[in-house]
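Chemist: Sharing a structure here in structure tokens format.
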Amino acid sequence: MQGRTPFHSPLALMSSLHPLLPQCLYQFLAFVPPSNESLRKPGTASVMVDTQRPLTLLLNSSVGDRDLCKIQYHFGEFGNYSLVVKTLSTSTQTVSCDLTINEGPINSYLRIALWFSCLFRLSLVIMVFVNYGGGKYWFFKHESWNGLTVADLVFPWFVFIMGTSIALALGSMLRWGSSKWKVLRKILWRSFVLILLGIIVVNPNYCLGPLSWDNLRIPGVLQRLGFTYLVVAALELLFTRPDSGTWEGQFPALQDILPYWPQWIFILVLEAIWLCLTFLLPVPDCPRGYLGPGGIGDFGKYPNCTGGAAGYIDRLLLGEKHMYQHPSSGVTYQSTMPYDPEGILGTINSIVMAFLGLQAGKITLFYKDQPKQIMSRFIIWGIGIISAILTKCSKEEGFIPINKNLWSISYVTTMSCFAFILLLLIYYLVDVKKWWSGAPFLYPGMNSILVYIGHQVFANYFPFKWKMQDSQSHAEHLTQNLTATTLWVIISYILYRRRIFWKI
């Protein structure tokens, strides 16, 4: 932004937050020298201003310390503006201040982030409700093995939206002048903190007694999020440029895919590794390519083969005591082998899921301000042809059944299809029609890590949980779980109002 003035005395340009937000003192931005009449050259000064929030600009005369004009404006990212100051009356020192746009903002991240965050924050609220019990209704419980319930939708959407946030954040950080090494250090730090929080704070093996190395569960939700973020963010960082924009190639319709062909090769190689290990790795006393729950499943033929290659790899590399001890398959199929739904092999497909979310972010960046292009691509990605082939259009069967415990590739492709369609709906409601602002799901997402860890740590404390009159009553469970979930929405709203945000 530049200030130009023919004023004959020096001026001071200051800024403050918009008065609709919490009041702040004005901060000095620039000293504008007086104009040079002999050279017919106006005084100028160049400054950078914050684009995150609306600002109030105050022009102050250094002579007499008079406020000359005040302008409220919300500047766009990477826009170029001029504040033109003209003298209307020399005797009364009356001036006019006009703000002109020399170059419009080149990014529209605010709207994009809004409807991406709607899906993320909606997923967070549903996750809290599901983890608290979901009223003890079966469709709010994780499927025992093959199949799909509402509870199985939430975690992959977390991973998907994490991928989209990578697409939005990395390019922006590089455009602001951060070096790739600095961004990489931030990626490493975030991944390390997520993994550490998952192992030390949110560890289900606390229920077995004091935590020690002997019974420490190594995999987990936050651990998987941290490692997935590390791989996908580092992969994107290798190919993201500060000036990345429209790709000038022979196939402009594929400008969000073709420039990133090395990334696609990497992901396809990862998926080939998952397929080979899953279907070709010899597992002692188990058939190759076994995808069943073990126990009494498959007529009790393979009681100790829970998870096939996925379970075998975890037990071999991590050890049985460092895995989840009470898998959902244990109740239904009476399996006795430890099995971890956030194990090593499934993390490969978690990376694939985040990469598909990354693709959604690229679509919105490459085709910004083109709603028809964005919606048509979301529809194409949401068709689900691969899922239909892998599952033979069934919920529990097929070549590779939908399985959240295994994080099968059919589970990933199906969940990503749902995510693209849901994004299409949110984009239409929020950005095209402007019928919804994202509230009240906006607030928990502003402190997502705090809400996730908090609802786990304080799950058994009042007022989030209390002794019920009838533990078999769906109504009582539903009341308790809705109350606990609502309390976290309220807590997140209070933190938002007080501008308290816990980020890593």
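Including glycine, each Cβ sits where the backbone N, Cα and C put it.
Note that the structure is predicted; figures quoted are calculated from it, not measured.
Found this in TrEMBL, in case it helps:
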- 112-134: transmembrane segment (TRANSMEM)
- 154-175: transmembrane segment (TRANSMEM)
- 187-206: transmembrane segment (TRANSMEM)
- 221-239: transmembrane segment (TRANSMEM)
- 260-281: transmembrane segment (TRANSMEM)
- 344-367: transmembrane segment (TRANSMEM)
- 374-391: transmembrane segment (TRANSMEM)
- 411-429: transmembrane segment (TRANSMEM)
- 441-458: transmembrane segment (TRANSMEM)
- 478-496: transmembrane segment (TRANSMEM)
Chemist: For the transmembrane segment (154-175) and the transmembrane segment (411-429), check the count of CB pairs under 8 Å (sequence separation 6 or more) and say whether it reaches 3 or more.
Modeler: yes
Chemist: Which sequence-distant residues neighbour the transmembrane segment (374-391)? Criterion: at least 6 residues beyond either end, Cβ under 8 Å.
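Modeler: Distal contacts: 256, 356, 359-360, 363-364, 367, 397-402, 409-410, 413-414, 416-418, 420-421, 423-424, 427-428, 432.
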Chemist: Residues of the same chain, at least six outside the transmembrane segment (221-239), with any C-beta under 8 angstroms of its C-beta?
Modeler: 155, 158-159, 162-163, 166-167, 170, 180, 183-184, 187-188, 190-195, 197-199, 202, 259-260, 262-263, 266, 342, 346-347, 350-351, 353-355, 358, 452
Chemist: Under an 8 Å Cβ to Cβ limit, what residues of the same chain, 6 or more beyond the ends of the transmembrane segment (411-429), are close to it?
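Modeler: Here the qualifying positions are 115-116, 118-119, 148, 152-153, 156-157, 160-161, 349-350, 352-353, 356-357, 360, 371, 374-375, 378-379, 381-384, 386-387, 390-391, 402-404, 435-436.
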